[in-house]
Amino acid sequence: NGLCCSQYGFCGTTSQYCSRANGCQSN
């Protein structure tokens, strides 16, 4: 479904969730 989850466990579809520069990983 395109959701990305941040290192803090919050999920969304915008770059703030999906950006690897923010330590996030796509599922």
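Every residue, even glycine, has its Cβ placed from backbone N, Cα and C.
Database features (Swiss-Prot):
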- Cys4-Cys18: disulfide bond (DISULFID)
- 1-27: domain 'Chitin-binding type-1' (DOMAIN)
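DSSP assigns Cys4 (disulfide bond) to a strand. Mean pLDDT for the domain 'Chitin-binding type-1' (1-27) in the predicted structure: 74.
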